[in-house]
Amino acid sequence: MSTTKVKRRVGKYELGRTIGEGTFAKVKFARDTETGDPVAIKILDKEKVLKHKMVEQIKREISTMKLIKHPNVVRIYEVMGSKTNIYIVLEYVTGGELFDTIVNHGRMREDEARRYFQQLINAVDYCHSRGVYHRDLKPENLLLDSYGNLKVSDFGLSALSQQIKDDGLLHTTCGTPNYVAPEVLEDQGYDGAMADLWSCGVILFVLLAGYLPFEDSNLMTLYKKISNAEFTFPPWTSFPAKRLLTRILDPNPMTRITIPEILEDEWFKKGYKRPEFDEKYDTTLDDVDAVFNDSEEHHVTEKKEEPEALNAFELISMSAGLNLGNLFDSEQEFKRETRFTSKCPPKEIVRKIEEAAKPLGFDVQKKNYKICSPCLTTICMNIPFKLRLEKVKAGRKGNLNVATEILQVAPSLHMVEVRKAKGDTLEFHKFYKNLSRTLKDVVWKSDDLQNQLS
């Protein structure tokens, strides 16, 4: 049995759950109600954009990215604006992060790492040729599509964390130093293209080695290692790969290898295939200007989020590949999120999550919501409990942030979703494993659920 579902809508898009969060933006899964196609929508706080005086740069870079249709770059479909938000409609990429593969399986074979690196360089080179620089290449920005092809996200959208000063060069303070070029850390101004290339080199090293070239618990020592390019190759690295990486991870941007030179490198060229794509398609940039127009006639229609009722069958069908026992399956590949069901009351589930989180140095913030008309046949999507877990001590990629939601399936049955909101994937992996041990006695196995539903 099911009831009417009312979801939050923005224009023609029906918004779903949050799939990512950052300082300036939140990313939600959405569906085009006209075509049924899935998309991702990045939601920016307009006030923050205006406060940082980045309007013109954001408009310019989004305009450029709208014109780019490259097989290895996440595409921007359209941009919408309301009085308070900017909505960037993006291609939805289903394969997860490239670095999830490293977490699950360790380092890659050289030919596999080379293929991904070739696709990364293709994407970076193409965008650089159009004056767009990433400036924040890191694992979260490297996604895989359903065919296993690399997709680079957030090209042209990193300007929110940058500042251009009077010298005309980019300046930034970076909370993710492991992938960042020495000249960026020095904050003396830097060339966006050369900084991107350094990050590509760090990424290639991780693919080949299975670990970071620059790592230290002491931030100043880490900065010194990066500035002097102090790293050691693992013994299995081939000489041609070493030679290329040494030229990319050159701390002097003036002598660092360039992308045209990489394209001629013998190691890089092995098995290289140029990307095939067609740029000849109609597009419009009218929506980019309209986003920052204060006139309400240019604002997209927003509908407030309201409680939604789903039956248990719908809940499972909307959760692609849902395995309610996967939290405790040792063979299950690690992902950025997981779900399970429990017959325990929400407060007991919350207590167990706190038991797992606090010893690991997490601050736990609770939000309670009143349950809306619960009944035996429906799930109330008005979340009864929502937790935000934040690591007090910043890791190598800032503070790990974990979002947890507990939803009622029936008065005696709840579904719990745990996902990484922001921070380092490896850190979340450690938290995930500890959580699985702590919660074993509160999880209701998937076989039990299937018997209940049959």
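Heads up, the Cβ atoms here are built off N, Cα and C, so glycines get one too.
As annotated by Swiss-Prot, domain 'Protein kinase' applies to 13-268.
Annotated ATP binding site per Swiss-Prot: Ile19, Gly20, Glu21, Gly22, Thr23, Phe24, Ala25, Lys26, Val27, Lys42, in sequence order, evidence recorded as sequence analysis. Applying an 8 A CB threshold to same-chain residues 6+ apart, the list for Ile19 (ATP binding site) reads Val27, Lys28, Phe29, Ala40, Arg419.
Annotation source Swiss-Prot lists active site, proton acceptor at Asp136. DSSP classifies Asp136 (active site, proton acceptor) as coil under the three-state reduction. The number of other Cβ atoms within 10 Å of the Cβ belonging to Asp136 (active site, proton acceptor), over all protein chains shown, comes to 24.
What Swiss-Prot lists as region 'Activation loop' is 154-183.
Here Swiss-Prot flags 305-329 as domain 'NAF'.
Marked as region 'PPI' by Swiss-Prot: 335-364.
When the alpha carbons of Glu21 (ATP binding site) and Asp136 (active site, proton acceptor) are compared, the span between them is 15 angstrom. Under DSSP, Ile19 (ATP binding site) is assigned to a strand (E or B) in the three-state scheme. Of all Cβ atoms in the shown protein chains, 19 besides its own fall within 10 Å of the Cβ of Glu21 (ATP binding site).
Using a 10 Å Cβ-Cβ cutoff, Ala25 (ATP binding site) registers 20 neighbours.
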